[in-house]
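Asker: Take a look at this one; I'll ask things after.
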Amino acid sequence: MLPGFVHFPAFPIVTAHLAINTIITFLGIALAVLRIIARFKSGANLWWDDYLVLAALPQGIGMLIISGLWSDMGVGYPAAETIANIFPILKLLISYELVFCTAISTIKLSILFFYLRVFVNRGLRLATKLSMLFVGLWSTGNFLQVFLLCRPFAASYDPRIKGTCGNQIASFIAIGAFNIITDVLILTLPLPTVWALKMSTGTKIGLTCVFLFGSIVSVISIIRIVALTQLDLTNLTGTMIWADFWSCMEINLAIICVSLPMLGTLFSRCTSRRGASKLPGPSNSDGYGSTNGSGFNRIKRGNQGKEDYGLESIYAANQEIHSHSAVVAEPKRSRAPTVSSGNGSGSEVVLTGTTPPAEPSILEQDEPGVIKVSTKWTISHD
């Protein structure tokens, strides 16, 4: 029994909801940790998108804790039976709203900062920054309505105080609707750029699925709005079971959705190492079969006596660093001059000054079926 509260045995449905959200919360924590490990394994430093996901973790845990406290205070029981706990329940509701507001905004901004880190397209970057502004304004309005809905503010959590309050249910629904709008805006933002890339249709579909993976959270948001329409503030504890469940799930499921696609680098490293162990002779970690720190890769096979394995990455490290590597098997050619990069990576590049870029470096053998390896880096700073 919690001190200062009247204890109510939790209904089985409330216990089940709490167990499900606990599993989702800890899964989100595990995936966020793996996301950070993947970043370090790829040799990249953490950036704002990573820090914001880490900041969202304690907020998701906080919502789970509040749900657990509510389960002990009589969630599911009629308000007439839980009147002794109404003050702490309403105070926790204020905290719940504020945490939800900051958590969902943090996750949205994490996705947008990820776009800034990955894409160099000026149009997309401008649209991303405008989306950040929109999310910031929406978050500010969401935050302020918690304090401005009732006058005086104490009337929000103390029914004995005479004051004037707006329609809180309508406010919840309006905020939820704008939440869905921002979800759709953010998830579809990179799709035109993805489909403009020079890659196979299958790869484009795969990347589209990756970026739309977060639409699962949008579905939960819609279900949550339906649950909010069923709230009755005169019988809050009796009608808040599902609204509480979906609200807590939305935050922690969003953490999962923004972390899971980032584990491609870690998965690629594991699979490439297993594949490399089956190859005869020594292998170079930066040669054929390497992931180059890429999270999204493309493999394309050509024809007409030529095999082209292109690995293109749109998952760049900080400051928009992109790499493109290729391994090509061709008929015999004469050896082209090269200049070693001197970075110990096992590849060779042509060094150029202000003259136009030279052809990619070539490593060839004087035997049929020579091998050509080329590496190109593009680095841009804002």
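Indices start at 1 and increase along the chain as displayed.
Every residue, even glycine, has its Cβ placed from backbone N, Cα and C.
TrEMBL labels come from automatic prediction, so no person has curated them.
In case it's useful when we look at the structure, here is the feature table from TrEMBL:
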COMPBIAS  282-295  compositional bias 'Polar residues'
COMPBIAS  339-350  compositional bias 'Low complexity'
DOMAIN    34-269  domain 'Rhodopsin'
REGION    274-301  region 'Disordered'
REGION    326-362  region 'Disordered'
TRANSMEM  12-38  transmembrane segment
TRANSMEM  50-70  transmembrane segment
TRANSMEM  94-118  transmembrane segment
TRANSMEM  130-149  transmembrane segment
TRANSMEM  169-197  transmembrane segment
TRANSMEM  209-231  transmembrane segment
TRANSMEM  251-268  transmembrane segment
Asker: Which sequence-distant residues neighbour the transmembrane segment (169-197)? Criterion: at least 6 residues beyond either end, Cβ under 8 Å.
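Answerer: Result: 104, 108, 111-112, 115, 119, 121, 123-124, 127-128, 131, 134-135, 138, 141-142, 145, 149, 204, 207-208, 211-212, 214-215, 217-218, 221-222, 224-225, 228-229, 231, 233, 314.
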Asker: Would you kindly list the residues that approach the transmembrane segment (130-149) from elsewhere in its chain, counting only those six or more residues past its ends and only Cβ-Cβ distances under 8 Å?
Answerer: 94, 97-98, 101-102, 105, 108-109, 112, 156, 165-166, 168, 171, 175, 178-179, 182, 185-186, 189
Asker: So what's the average pLDDT for the domain 'Rhodopsin' (34-269)?
Answerer: 89
